[in-house]
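Chemist: Shown below is the structure under consideration.
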Amino acid sequence: MHNNINDKNSKSPSGDLGVGIVNYGAGNIFSLTAALDRLNVTYGMVNTENDLEKYSHIIIPGVGHAGAAMEKLKGTGLVEAIKKLTKPVLGICVGMQLITEHSEEGDAALLNIVPVKTKKFDKSLHIKIPHMGWNAVNPKNNSLFEGVEDNTQFYFVHSYFIEYNPTFDIASADYGLKFSAAVQKDNFYGVQFHPEKSGKAGELVLKNFSNLSL
Amino acid sequence: MLSKRIIPCLDVKDGRTVKGVNFVDLRDAGDPVELAAQYAQQGADELVFLDITATHERRKTMIEMVKSVARQLNIPFTIGGGITEIADAEALLNAGADKISINSAAVRNPKLIEDLAKTFGVQFVVLAVDTKYVNGKNMVHLNGGRLITELETENWIKQAEDLGAGEILLTSMDHDGTKAGFDCGLLSKVNQMINIPIIASGGAGSMAHFTEVFQKANVDAALAASVFHYGEILIPDLKQELKRNHIPVRI
């Protein structure tokens, strides 16, 4: 269904094709590409190591089971190349969880780019699981959240969360406990919410990411 | 804090929205894309599209509509109606739907809930339940309340949660269309039994009804159709009213 995307901008110079989306079969990306279209951000699919070189920015999407997503990512043979990237990388939802060290979902070892853990929400905190809906996010001063005010709401759908760690946290949220809605380590970013489903605020975050230069 | 969600519900037939919708500045009230965008702009937190078409061409038309909506809409949306197998759900997911809602197909085949949850994750699976009070019991009904089943509403919802439903859309057929308020008693009872989000539906007639259902039943979301479509309640006004009543909302 995305066969029109690959050659969309094939005439641009190397490393300047916009956003490359890692295509590893973990969830649907129609909404993400639709959001990028609305923002006039060019994009294409990353299937091979060579593809990683074509784009100036990389997004790792993801929905579903983190352990299963990690297995699928390994199946692409791109794991080591992704870890070595020095251009801006953004993991979304399960894609964010993949850049952490470990997930309780499937007791899975992950990419360990950001040394924090992905844990399961605890029912005993009197919260419903999944955490589904719009929740307030408190961004720190970070280019990804340029122009986003404190307590802006974003759309979340997840049952596992990334533990709050002040070193890597760039935006926190509360659901029974304080967790990281966004993290950063060097050129690697992750957001737990779905920017493509979070109204204007989400579109701003995607736009900010596409404009990041390191 | 997690916001309480306000969800307009749109009936769709042959890829067109039906029921009178009278937004003054709408060029085409039957265009689901334009209507959806309008609601998103007003501050709706989510949308539900209910496909009431009954033809063989249905799936294809619906998929095209879902794609058009997903291209334009920057908030989540659910598609319900006629989903009976994994392939139906997969086509909708690939077209950009965030969730699917199942009703009678799940009653006939409860394993469908489990299969969908295992394939796509619990967050994708909304179980819609139409309930009516009959001889002292809340009974699950099909076909818009015309067909009674042997299932008691509370038991069915509990079973669905165990099977992997990620959210419950509970419509009281006794309250639906009355504009006399939501069924707060039943919603509150069901809400205390389960640990997944619940959407209240049926009976919205005034802004006070929304305040009441959030305060009394503590539901996660409230859904309505005609009060929004006919402009009787404007979403920005409703959100302000809920905020005044200390109910967390996204403004």
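Cβ atoms are placed via backbone N, Cα and C, with glycine included.
Feature table excerpt (TrEMBL):
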- A:21-209: domain 'Glutamine amidotransferase' (DOMAIN)
- A:Cys93: active site, nucleophile (ACT_SITE)
- A:His194: active site (ACT_SITE)
- A:Glu196: active site (ACT_SITE)
Chemist: Could you tally the C-beta atoms, other than its own, that fall within 10 angstroms of the C-beta of A:Glu196 (active site)?
Modeler: 27
Chemist: Below 8 Å Cβ to Cβ and six or more residues apart, same chain only. Which residues does that give for A:Cys93 (active site, nucleophile)?
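Modeler: Same-chain residues close to A:Cys93 (active site, nucleophile) (Cβ under 8 Å, separated by 6 or more) are A:Pro61, A:Gly62, A:Val63, A:Val157, A:His158, A:Val191, A:Gln192, A:Phe193, A:His194.
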Chemist: For A:His194 (active site), what is the tally of other C-beta atoms lying within 10 angstroms of its C-beta?
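Modeler: Looking across every protein chain shown, the total is 23.
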Chemist: Averaged over the domain 'Glutamine amidotransferase' (A:21-209), what pLDDT does the predicted model reach?
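Modeler: Averaging the confidence scores along the domain 'Glutamine amidotransferase' (A:21-209) gives 95.
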